[in-house]
Amino acid sequence: MKNQLNYLLLFISLLLISCFNNQEKNYENTSEIPVSREMTAELTSPPNVPTPVGRRKAKKLIVKMEILEKEGEMTDGVRYVYWTFGGTVPGSFIRTRIGDEVEFHLQNHPDNKLPHNIDLHAVTGPGGGAESSFVAPGHEKVFSFKTLNPGLYVYHCATAPVGMHIANGMYGLILVEPEGGLPIVDKEYYIMQGDFYTKGANGERGLQPFDMQKAVDEKADYVVFNGKVGSLTGDNAITAKVGETVRLFVGNGGPGLVSSFHVIGEIFDKVHIEGGNKINENVQTTLIPAGGAALVEFKVDVPGTFILVDHSIFRAFNKGALGMLKVEGEEDKKIYSGEIRDDIYLPEGPGLQEMPTTNEIVESKIPAKNFDEQMKFGKQVYMQTCFACHQSEGQGVPNAFPPLAKSDYLNADVNRAIGVVLHGLTGEITVNGEKYNSVMTRQMLSSEEIANVLTYVYNSWGNSEKVINTDMVEKVKNKK
Ligand SMILES: [Cu+2]
């Protein structure tokens, strides 16, 4: 009896809790969601997004968007006149929730030269708003719409020639969150790809006008994230900490190209395909059509720099579609070890079938007859053995492999240099004022080969012109 009473109490309290949680009923027809009060929308420039809607009720949402035609930098030394929604490419991010009644104010700055309008893919209505928003410089147009479908939508200018207005940067994203908002994540960012067509070739300096023919042919000179080369690299990189969840609102303004969006070294835990309701899991690359978008979510587990690319890869490395996500925090060797070893790998070729063991290094059969031959054979050894690390002109690789060209370490002590090539080298050394603390593995070379390669090194790239012979190498070898 007492037990039954307890169950009854539990049932009633559960009922009450669920009533409080469901203050708003679920409308079958989203057009019937009532709006309470008025509120001015927070607009943000990329890569930032406004505060999540959370549990707020549907509202009359005032959006004030100013169109600005302004000159900016496409990449170092290359200028471009962008046409923008809100002063940036992509335009300001608009964050709404389902049922909001958006009162849209489109303002065309008096200094602008052209009329523009806006087509929002989130709008149910003629032209997505374009028909009601055609606005001349120095004017403001107001129209209103109700958000009926949750999702991530592109907006863009739709004034003729449409392609030209989009190509100049007139696009952005508007998010319609579902009832109760999207699940909370730690970091959210706004990224939009676009292709640009300039009179000059990629990298040609100066103010570059738009090239209509290249745009028609879809031969982009620049394919970039957020309007310019380098908008998300170096100091502009987006950031997160190990263990955080990241949500990227990714759009593609086009006008011409589709994007194969990929983050090098990450797997998307979730992708809201095409910005809609369907969620795909464990995705490597997601296709974002021109005039489309996707929500991409993943947890960052290890530190490092993760590169965002359009995996049509020449666009990334040659045309600008490359960004960076910098993740800080503790390493997790279980997930990723980092480099464990750098072993010397000798492919099996003729003459290399037998790997010489430590004690039986085969002496070369035909010794060098003179200095010129020593240089010739030495160069061969260098190009086969040392080149990979110390580079073709002995210049080395900063922070990894010390230079041999004009190396004070090399030139100071011949026997020490012989020892390095004979036995390898580890531990901190200073070469020309730079510290190195790495490993040079023992090189499997005969005494004569060592003599030749060091003679070549000493007589190249401004070094001290010493000549090394086999006896000198043997002496160092037998010292120990
Ligand atoms: Cu326009």
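From the backbone N, Cα and C atoms, a Cβ is placed for every residue, glycine too.
Unlike curated records, TrEMBL annotations are generated automatically.
The signal peptide annotation in TrEMBL covers 1-22.
According to DSSP, His121 (Cu cation binding site) is assigned to coil rather than to any helix or strand. Positions annotated as Cu cation binding site by TrEMBL: His116, His121, His156, Cys157, His165, Met170, His311.
For 373-461, the entry in TrEMBL reads domain 'Cytochrome c'.
Listed binding-site residues: His121, His156, Cys157, His165, His311. Those with a CB atom under 6 Å from ligand 1: Cys157, His165. Put plainly, the binding-site residues His121, His156, His165, His311 were compared by Cβ crowding within 10 Å, and the winner is His156. Confidence in the domain 'Cytochrome c' (373-461), given as mean pLDDT, stands at 91.
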